[in-house]
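Novice: Take this structure, written in structure tokens, and hold onto it; I'll ask about it next.
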């Protein structure tokens, strides 16, 4: 007996204390870890309260807020159809209004004593992810304890608590999305199956017991299997695309039943548990069907159908095992037959129902195929995880420990005749989730649970091998071993990457705050839905109940707001307007081609082909990111111009801009972009940068040099010209000249340069738009938020444009001459001005006509009471005209001015504004004299507002 054993014999009180600690040590440890997890997730909650309002993080939480509000008002029903998004069709919310929203709504009703305020609902939703994220620890502990004892469970929670991966980020206060509920219910589902197959292995149920109705013998197997089925169905209820779990379970039962037969054990017991589990999941899922088709994005025939298929497969494999056992086939004939039948069924499906085959193969490849489509690559969470070291940064050595644990369990399954089924389940689960994570990094919030469980299993069993117990005495090397193992797992979580506390610091992203100002402006200064052109109250009930339909019939006066899909939920919830596109990626087939349309006519045709006769797209909301080509300007949260081309056939991002790589003074490499003319012709650029005004080339040149990397690749870098033109500095990428002619001459002599392409400077003239005007914007710009000098060119975060008929201006001037007009506009939100310019040609009689989108007077006559916009961006001058022609044979300047009323712009006044240009004397420098001269001649390309 060791010295410590003898010391304990002499100290019964200490021995008793050690025995108590060994039995109950996990309870205070678990409470501390749970407390840390909750504290770390909620401690930043005050950051989400801005001016007394709750601002959630990201996009989807806002739609969850809407879905939760609907459940609160119609408990327990969820929203069957929503006409407040995806104009002009509306949509059914397959992945929203699910169990997650019902749970949050129920809690809000309890907290609000049956009638919660909007603030109560928002606050409940704000804290929901933190609470659910903490609850994930409970089933994770139970799984770890099943495989590695209490220490295994404690280790699993320790890894879970200190990992900084996707689960932490998506369970922080404010990230009120269904992701954390997915993780919780998936872990519960896997735990349920673990228990069910373990009980089946213990009780060994067989078919004859069902015939004999041996309830006592079957009770536990049936009960636990049904509970597992309910847990799986709840996961599918939270997230219908979670059919991945059914595929994981199908693969597990397939492999496990084959292994049991090969190891000369009856697969019938496990098969019975699988059949009951899957049948229960199918029945519960079937009760939630709202789409009678096969789709993974809604509660459809797919979820119960796939569950039944797995359950039937279990029954068939149990029957086949009996059949082959009676005929004494070789043990390897069974798995060969099973896989042969599966292969034949796959070929048969591909031949007989190719569409169904394509549906399954496409979805499998999309989730675990390690491939991604071009359009999916534009979505941050759907892009692949390209660097495996990220897992180490987030989970430390637990990744390695889990990998060793998984290999150990897999080897045990292959070599041992009595390896528990639940061990194989965890390995299969971990492998599938690992593939899913590398295919779409959104699944990173799943991977921490199998990593934690496998780590806990290995640590628990490792300690058992050291036979650490109070009965045998406590040796120092044993204590050191335990501490060393735990430190190896935990310390790297703090030493590499962000610590859990650092990763737990959060707040609403700048995007929602940048957009919210303009969206609040839109809610207050544009007509209510149904009141456009007529005034009055909204005719579209914001929380109304609408029956599911394919194409909602919008009524006269109801309208859409076009923007990129990222911002659809914000438009719905913050402006209470109907977006054309949303984060479900609905509407991209309209929005993407509109944003990159090369002329106004093409853009209008796109809208006219989509809009209804009596319900039109009336506004366009554009932010600086949509017009920014540099996607890396803020890490991975920079420009988004690259995204729309991915959704349009025949074009790609490189048609609009190119990349340059410049070495900084610190030795690093910085990426910048320069634009082609096609970029400046797009609607998104003409709106955000030019506000619909014409834009002229500027004396700016982008210069580069084609260079080669060490591996032979080609790239564009800063020029290293030995001889520079007079006045030009060597190595400059952006060169400025005194005139456009000088700049153009430089490019003619340098093949690796182009005129314009930087900021708001096009290479060629961009014509003015006639039917879109800036009416409002946010006050905040990206420079105020991020402080980067390159962001100064973007004046306001978001700008709101209105599509209008435009006012006609009819005038006379010199014959066959170019007439230019300009009007100075002021945006009070940014306190900046810009010039709207347009030009046209007179005919042989000197007559001309143009259509302009901006009014100069009459703003107070047409506001929201009348069904129109309370325009914030207003003119400071009349439309002022200039032309150069001949008068009695002499070269003469002509000027004129006119007002354009708001009624004329919005189409309520059909009359044309008129102007007659009068001759004036041309002064030196080609300037005209007289008080009616245009305030600014053609100058800077980018509007300053």
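From the backbone N, Cα and C atoms, a Cβ is placed for every residue, glycine too.
Model, not experiment: these values are computed from the prediction.
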Novice: Which one of 151-168, 367-384, 511-528 shows up in TrEMBL as transmembrane segment?
Specialist: 151-168
Novice: If I go by TrEMBL, the feature transmembrane segment sits on one of 221-237, 544-560, 561-577, 578-594. Which?
Specialist: 221-237
Novice: If you check TrEMBL, which stretch out of 69-87, 183-201, 202-220 is marked transmembrane segment?
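Specialist: Of the candidate stretches, TrEMBL labels 183-201 as transmembrane segment.
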Novice: In TrEMBL, one of 121-144, 601-624 is tagged transmembrane segment. Which stretch would that be?
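Specialist: That would be 121-144, the stretch labelled transmembrane segment in TrEMBL.
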Novice: Mind checking how the domain 'AglB-like core' (514-627) divides into helix, strand and coil residues in DSSP?
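Specialist: Counting residues per DSSP class in the domain 'AglB-like core' (514-627), I get 46 helix, 14 strand, 54 coil.
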Novice: Where else in the chain does the transmembrane segment (301-320) make close Cβ contacts, counting only residues six or more beyond its ends and a cut-off under 8 Å?
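Specialist: For the transmembrane segment (301-320), the sequence-distant neighbours (Cβ-Cβ under 8 Å, at least 6 residues beyond its ends) are 207, 232, 236, 240, 243, 246-247, 249-250, 253-254, 257, 267-268, 270-272, 274-279, 281-283, 285-286, 288-289, 291-295, 334, 337-338.
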Novice: Tell me the residue counts in helix, strand and coil for the domain 'Archaeal glycosylation protein B peripheral' (806-905), as DSSP assigns them.
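Specialist: Breakdown, helix to coil: 10 helix, 54 strand, 36 coil.
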Novice: Below 8 angstroms Cβ to Cβ, which residues of this chain, lying six or more residues outside the transmembrane segment (445-464), approach it?
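Specialist: For the transmembrane segment (445-464), the nonlocal Cβ contacts are 136, 140, 143-145, 147-157, 159-160, 163, 165-167, 169-171, 179-180, 182-183, 186-187, 391, 394-395, 398-399, 401-406, 408-409, 426-427, 429-430, 433-434, 436-437, 481-482, 485-486, 489.
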Novice: Between the stretches 121-144, 183-201, 243-259, 395-411, 423-439, which wins on the count of C-beta pairs under 8 angstroms to the transmembrane segment (221-237)?
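Specialist: So the stretch in question is 183-201.
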Novice: Are there residues at least 6 beyond the ends of the transmembrane segment (121-144) whose Cβ is under 8 Å from a Cβ of it, and what are they?
Specialist: 30, 33-34, 37-38, 41-42, 45, 48, 53-54, 56, 61, 64-65, 68-69, 72, 100, 103-105, 107-108, 111-112, 152-157, 160-161, 167-168, 170-177, 179-181, 183-184, 187-188, 190-191, 194, 426, 449, 452-453, 456-457, 460
Novice: Taking only the residues in the domain 'Archaeal glycosylation protein B peripheral' (806-905), give me the average pLDDT of this model.
Specialist: 94
